[in-house]
Amino acid sequence: MPKRTDIKKVLLIGSGPIQIGQAAEFDFSGSQACRSLKEEGIEVVLVNSNPATIMTDPDMADQIYIEPLRANIIAKIIEKERPDGILSGMGGQTGLNLTAELAEMGALKGVEILGTPLEAIYKGEDREKFRDLMNEIGEPVPKSIVLNTLSQIDDAIAKIGLPAVVRPAYTLGGAGGGIGRTREELTRIVELGLSRSRIHQVLIEESVMGWKELEFEVMRDSTDTCIIVCSMENVDPMGIHTGESVVVAPILTLRDDEFQMMRSAAIHIIRALDVQGGCNIQFAFKDGDYRVIEVNPRVSRSSALASKATGYPIARVAAKIAIGLRLDEIKNSVTGCTAASFEPTIDYIVVKVPRWPFDKFKGADRTLTTSMKSTGEVMAIGRTLEESFMKAKRSIDTDVRTHTSPSEIRMILSRPTDERFHCLFDAFRQGFTLDEIAGLTSIVPFFLEKIKNIVDLEKRLAAGCTDEDIFLAKRYGFANTEIAALTGRGADTIEALVGAPAYKMVDTCAAEFPASTPYFYSTREGTSEIVRDKKQKILILGSGPIRIGQGIEFDYCTVHAVKALREEGVEVHIVNNNPETVSTDFDTSDRLFFEPMLLEDVTNILMTDEYYGVMVQFGGQNAVNLAVPLEKELKRRGMCTRILGTSPDAMDIAEDRDRFSVLLTTLQIPSPANSSAYSEAEAREKAERIGYPVLVRPSYVLGGRAMEIVHNTAELETYMKEAVRVSQHHPVLIDSYLRNAIELDVDAVCDGKEVLIGGIMEHIEQAGIHSGDSACVIPTQSLSPEVIATVREYTKKIALGLGVVGLVNIQMAVKDNVVYILEANPRASRTVPFVSKATGLPIAKIAAKVMIGKKLCDLGFHEAKIRHVAVKEVLLPFNKLAGVDTILGPEMKSTGEVMGIDYDFGLAFYKACISADNELPLKGNVFVSVNIGQKDEVIPIARRLRDLGLTLYGTEGTVDYLHEAGVEAHLVRKVQEGSPNVLDMMHHGEIRLIINTPQDRQSRQDHYQIMRAAVDFQIPYITTLQAARAAALAIDAIKREKITLEPLSHYLR
């Protein structure tokens, strides 16, 4: 049937901030859906709270609302915009939950739910309804019982037994779920699961741990035509969330009759659900038998992987199906000549490996279960499974420990952590047999054989190998440097022997039809499919897997750079290995390389064609770290390709503390007393000279990794043992810590002669909390015109002094009206998307044009003057990571960001808090606990909260000095003083907000239980007095006036 004529305007709900379980894949799918709908002449209204997304760009939708994703707010937008339909399946779990809530509150009268019908949401997400549907259609499910209260636990154990799996309804990434092996463990998981579930429901399910886990991505249209887009198989068995698993596509270990049985079951289920669009179905499989585990009646993380693995644009097709088009009416935009009803065929093997945040969270529980903990993932493509495994291993940018202790290896293999995939290789190196490893892990022997092949070849290479072994190593995906290290030969010698790789095309049809959107991977089989031409080309280095410190913001910058260069007629190629992102969409760039982001791989790509230049400054710290070695490698090979924009030497000046200090001295710009040290003794001497407390950090890292404020020599010595390991080739940087200073971030573009300031952001938290974790505001709220003028002057001096061409981010601190420079980063920063959305200045696009020679004076942009207030707030991952210190400090911990925008600071901050799942209460009890050094500062905040009608509670010391100041507060016992205490009040829902500001390590330990409980019971919490002051302003504002609901374009006009 042709597209529906009654659907003229569609509301699309985004997924909100990046978080564990819901990352960039929904920006990728949402952006694709927006473009797909607009191609059909549909007016698109988009709601999302995340400014760091491509989908919230002005050209992606007709009306864009950057607002909290709350049903009551979206209901008002629906009332205002009056859409004909709502597309919920592109916004992940958030989108489905909101659609269900909107329907239940009656806000969707006259608005049709497109693609995924409401009943399919209920049957897919409500565990009891899903189980009943599967039983009704004769599809086997694990034995299970639905719980709504803790009192049903014993009944569940009697019927299901232990261990048992807990699956909460309507949650994301398995949040609140897990595997209970004892009654106590099961009770704890169920209590958490019930609190996290939208409908207060969990399913207790018999364990099928150790079975194979299989996934099918299915597409269905309104005429009941179904296709399997991709089949996927988890290397890790059941018991580990698929988002935490190493995944292989296509399925390799089923016989054809078994595969056809599973294919038929997947199609049977999507038909029963009546989903029109995409659907992800997960199965457990063992010895010819299977169980249906769950269904995602929406685009998911697995959908993004399936889309990138096959080249099939799932979200684009699903959006068109939602407005009535049939699969055979939709053109496959990759081939340009086949219909979307053709099932994709692939002649290569794809491997996905997750990226975990444990390099940031040393104390976190690293055990992998049915609840997600990873922040991102990499994807690798090869012609053999060995090759894909090795390319994926090289793509994960984590320091991997080698395990040699047999007992330690057994423990990791049997109780899996994030180290298990790498530990499989260690086990074979230490002489474990295949049967032993299979017994410990329940991993299919087929996968273990491939890993054993790799390790056996490593041993041959190290023992004195033949040239044939080296050729085999290349077919297995070894890098030249890895072969050189094993054989003792030089990397150049290896390269001369093996030559260059071939580049093959991903085309959805195993080369049966020509592809019109080139998308390549390297391999050692056959001839290259790249056709060289004379066009001017630029390669942009992407940002790799999403991790804390390097998130979706850098992909945003990459995509903007591509758009800018294409506007100037330049052919743009991207190299990246992240399957979740817009930059790796099939039509973002002129040519896409899905490859590891390492020097050898990037150099190989540059040798495939005549490249004019490479851009490194949009891909975050990893790409910037490649600048100097890549420049050297290009010169060594005599290649004409240049590093475009700011020179690698200027980047080095900014990173090298001594060189940067010389520059600041020359420019007569103050900075905190600072130095650098290469040893513990030198660090001790320099810190004592500067004076404690000092801020210490390694150089050349992103996200404040291993950064800490240390107060004495003992803390410094403890720190140095970690920091020196993190930064083996660069010094540790030591800065005087400015207490109670206001921190600023400035994003600017420089063309070498002029500087355009994109935005000056004032941090709401004090200096010393990582800028990536601090809420910030545009325009500044507390700085004098004289200070702002100094900030502008210093920004211009530093940008020109460094010789910046492109973007620069400068961090400053203001104390006693003196502006100090903390650091400068001549590259894209994580605040670029926020600045662009808040001001309307597309600074990443401007920077890309400047990098190819355009002048700011010719581009016609000026610093924005805005009437509104925009607040960036962060989302913290503590609800997904047990054992993590919840106190903010100089090391970054947040996974994503949101934006609040209004005409008043208090209202904008209130919106930002709602969006960050930290909704401030307008009534109820507030628990306040601050250290004695902050008692004078907390009194006016406490007084304002009391005057606003909130009731204050605190422990003895805090209550005493509040009473002395005439502020009424109620005493509550400390945890160690027995019950009833603050934890009891939290458990019973009697506390609505926590203000808790520990300063030293001892008070951190004392307050850890309170903050952990706040996370578990979803009570908003504040850990700095600056944020508490802003919260009081926000509560005051929201009590006085209503929030504004306007499209972004109205604020920026």
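Using the three backbone atoms N, Cα and C, a Cβ is placed for every residue, glycine included.
For E294 (Mg(2+) 1 binding site), the number of other Cβ atoms no farther than 10 Å from its own Cβ, over all displayed protein chains, is 18. Swiss-Prot lists R127, R167, G173, G174, E206, V208, E213, G239, I240, H241, Q282, E294 with the feature ATP 1 binding site.
The domain 'ATP-grasp 1' annotation in Swiss-Prot covers 131-323 and rests on sequence analysis. Over the domain 'ATP-grasp 1' (131-323), the average per-residue pLDDT in this prediction is 91.
The Mg(2+) 1 binding site feature in Swiss-Prot is assigned to Q282, E294.
Secondary structure at E294 (Mg(2+) 1 binding site), taken from DSSP and collapsed to helix, strand or coil, is strand. Here Swiss-Prot flags Q282, E294 as Mn(2+) 1 binding site, drawing on sequence analysis.
Feature annotation from Swiss-Prot assigns Mg(2+) 2 binding site to E294, N296.
Annotation source Swiss-Prot lists Mn(2+) 2 binding site at E294, N296.
For 531-919, the entry in Swiss-Prot reads region 'Carbamoyl phosphate synthetic domain', with the evidence type sequence analysis.
Feature annotation from Swiss-Prot assigns domain 'ATP-grasp 2' to 661-852.
Secondary structure at L738 (ATP 2 binding site), as computed by DSSP, is coil. The local packing around L738 (ATP 2 binding site), expressed as other Cβ atoms within 10 Å of its Cβ over all shown chains, amounts to 21. Sequence annotations record features per position, and here Swiss-Prot assigns ATP 2 binding site to R697, S736, L738, E743, G768, I769, H770, S771, Q811, E823.
Counting only same-chain residues at least 6 apart in sequence, those with a Cβ under 8 Å from the Cβ of E823 (Mg(2+) 3 binding site) are A654, F660, I810, Q811. The Mg(2+) 3 binding site annotation in Swiss-Prot covers Q811, E823.
Marked as Mn(2+) 3 binding site by Swiss-Prot on the basis of sequence analysis: Q811, E823.
The DSSP secondary structure for E823 (Mg(2+) 3 binding site) is strand. Per Swiss-Prot, Mn(2+) 4 binding site is recorded for E823, N825, and the stated evidence type is sequence analysis.
A simple way to gauge crowding: the CB of N825 (Mn(2+) 4 binding site) has 19 other CB atoms within 10 angstroms, across all the protein chains here. Feature annotation from Swiss-Prot assigns Mg(2+) 4 binding site to E823, N825; the stated evidence is sequence analysis.
Swiss-Prot lists 918-1053 with the feature domain 'MGS-like'.
What Swiss-Prot lists as region 'Allosteric domain' is 920-1053, and the listing cites sequence analysis.
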If you measure E213 (ATP 1 binding site) to R697 (ATP 2 binding site) at Cα, how many Å is it?
42
Which whole number of Å gives the largest C-alpha distance between any two of R697, S736, L738, E743, G768, I769, H770, S771, Q811, E823, the residues noted as binding ATP 2?
18
Please name which of the binding-site residues listed here, R127, I240, Q282, is nearest in space to L738 (ATP 2 binding site), Cα against Cα.
I240
Between the Cα atoms of R127 (ATP 1 binding site) and N825 (Mn(2+) 4 binding site), what distance do you get, rounded to the nearest Å?
49
Could you give the Cα-Cα distance between N825 (Mn(2+) 4 binding site) and H770 (ATP 2 binding site), in whole Å?
14
According to DSSP, which kind of secondary structure is Q282 (ATP 1 binding site) found in, if we only use helix, strand and coil?
strand
Is it possible to get the count of other C-beta atoms within 10 angstroms of the C-beta of R697 (ATP 2 binding site)?
23
